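Asker: First, the structure itself, so that you have it in front of you.
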Amino acid sequence: MVQQTIQIFGRIKPTGKPSAVFSVDNEDPTGASLDFLLPRDLSDGFVNNKRESYKFRFKKVFDQHAKQEDIFENIARPVADSVLAGFNGAIFAYGQTGSGKTFTITGGAERYADRGIIPRTLSYLFERFSQDSSTVYTMHISYLEIYNELGYDLLDPRHEASRLEDLPKVLIMEDADQNIHLRNLSLQQAANEEEALNLLFLGDTNRMIAETPLNQASTRSHCIFTVHLCRREPGSATLQRSKLHLVDLAGSDRVSKTGLNGVLLTEAKYINLSLHFLEQVILALSERSRSHIPYRNSMLTSVLRDSLGGNCMTTMIATLAVDKRNLDESISTCRFAQRVALIKNEAILNEELDPVLLIAHLKEEILTLKKQLATMMGEQKDEQLTADEMLKLEELIEAFLNDPDPDGTLSLGPAMRKVQHSFSYFKRKILEKQTERHQCSQQPPAATRREDVYFPHMSPVDVNSLKEMLQQRDNEISILVKMLKKEKKRADDAVVQLSRITDCQKLSSQSLPNYSTVPGFGDGMADTLSLNRGGQASSESLTGEENMELGEDVSTLSKLTGQVASMCPLSQQLKSTPPQSRDGNVKGHQEDQRVKVYTFQESHEGNMNQLSLNHGGQVLLYMKKGSQLSAGKQEAFEIFIKDHEEQQIIEDHKQLIKKRSAEARTLSEQLNQVRNTIAELRKQLQMRRRQSAAQSVEVNHPPGEKFDPVEEDLCEQIRREKIVYKSAIGRLKALSTEIEHLQLLLERVKVKIQKDFQKWWTQEASSLQGWEPGATAGFHTRPSSSGTPGLCKEFPDTSLDRRSSSAQHARSAVSSYMCSCVSISKST
Ligand code: ADP
Ligand code: MG
């Protein structure tokens, strides 16, 4: 429990005419003070008593130059921190109309830097959530307006369409424990900063447009923006719930000074009545002897009950307009603040238990206890273990053996059968290990094995892996040669087709064959083809499509030729060149992986003495690299996907994602425009209302009694824009979901192709070499990755990723819209 008096801050609104009648002292370590000096000739009836100077104590007073950021850092951040820690918090602004309450709590519309406490606090909270990944936070928001003692939900979707008077009223209910509940007040979840800011934007817009000329509710109502936080450690049954009220009170102007009548007087009475009740509550709280606190007298005090003298860390900001004509109001605001400063609150950590999680935990505990009891009582199940049970048990044992934690335990439950099976499993394992060791010792003595002579630091297992890898490289070469033949045949066919076309047009074409102008023909390949076909074709006679097709075939052929050409010398050397003649080559190509294989192969063949110690390290290095995909296999993969039946699906998805992403981009631009329009209309509306108020003062006519068509038109425009805004947001969300779904499908196709390739590759390898796929599993499909998503890591993702890049564009379009939302709402 934290005991704390309500913290009082003062904020002075910038004024055009600097007035020398006040001074601020923030230097005193015990707190700040604000002094007003009223020379006798100035006490002309505005101030009733004849005192000349007034001194008020505050925790800190922010003078006219204080920035919104300073206000947030000094006032709101500590409250937000305690709300994050599980305590309730409240900040309320009190002061006369026009003294800067709304500016302080919500902020000004002009500049981004003018953002008030609400948007800054929302940003801060979400930033803190993201830093604390070990805790799950959920945020809900409610926005309540109290006008003439009645509550309205500013986030109610009907708010915009109806007059304030026709809306369902928010009702106060009290439970048996005297907890307050508000019926008809919606709680909206905000999953991120944008959503929370969006709710603030919608609530503020609703607040403005529900105002009619007859009720200028914005300055005559109280607004309570509440953030409801729920915090939970994953797996824990304990929840922490805390609330943060950010309150913009109605103007504290006194009725006698405002000279109002009719409806406005009623309103002023209500406002003053509710502020009067607030004052009564505060007075009662500051007198220790009082046992009854009249919270129930008004809606405002009922809602803020916890924040006043209860379980809450509360802060008040007294906003002050210090020009001479407002001095008496400022002094009365300060007096109110002094009384508030006496109130002591007791904030407690709001922890509760989640019954569902608690039940789950208790059930688990009961089960464990039952098992323990059964073991203690010597109860045993006699029936044999089923095959399935044995399999599961063995998995458990393996997990236990592989667990690096020395304190890890193996929980078997009370079944003796399981204990016995576990012991026989362990025995089997130990015997296997012993046999292995025995076989190793049966091999020729270490000194007589070549590998051990030349790589004394390498284990037999390492040497075997290298041998295997060498075998696999040979296979790769064979597969590539096979593919090369196939591609060459395709190219030949294409050229035959080409010559047929040109034969038909030969008479009209006299130009010499020139393959190099066909797109996709590399220089070398063009020469090869010219030779092959005896220079019969002319690229000029080809249609665009034929050009493309032919080009693709030949370029694939060219790639393969390059690939195989670069590998062939190796394969030939491996098989035919006598070891003694190759020593020189090795040193010159130490950086080339393939040469490193050669190095090993050569050593393996018998001439290992010069290489063994120097190159042992490199061989090991290569062995590690070798587990990745080789260039040859990558090349084969590129060609494989080109012919794959799912290729068309990928293309279709890509196109659709592109289309949706473009749509999302247009939509987000449109949304930004609508937001700007609404912000602009809101500004105009505010201006218009101020003008009407000024005019009514001039003609001594109560404001708002005349219907203003311009104002009504502005409200109507805002309403229309809001409908567009809402439907666009809905569409954007749907688009985002669709894009994500398409992306998922694309990923699935990608995995399928990779698996198909793997299957095909293994088949090819075994058919070429008569090689058992099982023997190659160590390289081609790493056991850990086979059939699992981890498999994908082994494959060149480039070509497939290229296809899904448009999906990434789409996602980034949606997220960039969401970011722009933040900046727009930040600027409004
Ligand atoms: P209230 O809500 O107390 O009636 P407002 O917050 O609407 O008063 O402020 C009235 C006007 O004064 C607004 O135009 C607001 O932008 C401006 N204002 C108030 N405080 C400041 C400040 N600290 N800096 C700049 N402008 C301010
Ligand atoms: Mg205001």
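Placement of Cβ uses the backbone N, Cα and C atoms for every residue, glycine included.
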Asker: State the residue range annotated as coiled coil by TrEMBL; the candidates are 412-446, 517-551, 552-586, 657-691.
Answerer: 657-691
Asker: Pick from Gly95, Gly98: which of these binding-site residues has the biggest number of other Cβ atoms within 10 Å of its Cβ?
Answerer: Gly95
Asker: Of Gln96, Gly98, Thr102, which binding-site residues come close to ligand 1, meaning Cβ under 6 Å from one of its atoms?
Answerer: Gly98, Thr102
Asker: When the Cβ positions of the binding-site residues Gly95, Gln96, Thr97, Gly98, Ser99, Gly100 are compared with the atoms of ligand 2, which fall under 6 Å?
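Answerer: Not one meets the Cβ criterion.
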Asker: How many other Cβ atoms sit within 10 Å of the Cβ of Gly100 (ATP binding site)?
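Answerer: Cβ-Cβ neighbours of Gly100 (ATP binding site) within 10 Å number 20.
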Asker: For the coiled coil (657-691), what's the model's average pLDDT?
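Answerer: Looking only at the coiled coil (657-691), pLDDT averages out to 89.
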Asker: Going by DSSP, give the three-state secondary structure for Thr102 (ATP binding site).
Answerer: helix
Asker: In terms of DSSP three-state secondary structure, what is the assignment for Thr97 (ATP binding site)?
Answerer: coil
Asker: How many other Cβ atoms sit within 10 Å of the Cβ of Thr102 (ATP binding site)?
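Answerer: There are 19 such Cβ atoms around Thr102 (ATP binding site).
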Asker: Using a 10 Å radius around each Cβ and counting other Cβ atoms from all shown chains, which of the binding-site residues Gln96, Thr97, Ser99 yields the largest count?
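Answerer: Sorting the candidates by Cβ neighbours within 10 Å, the top entry is Ser99.
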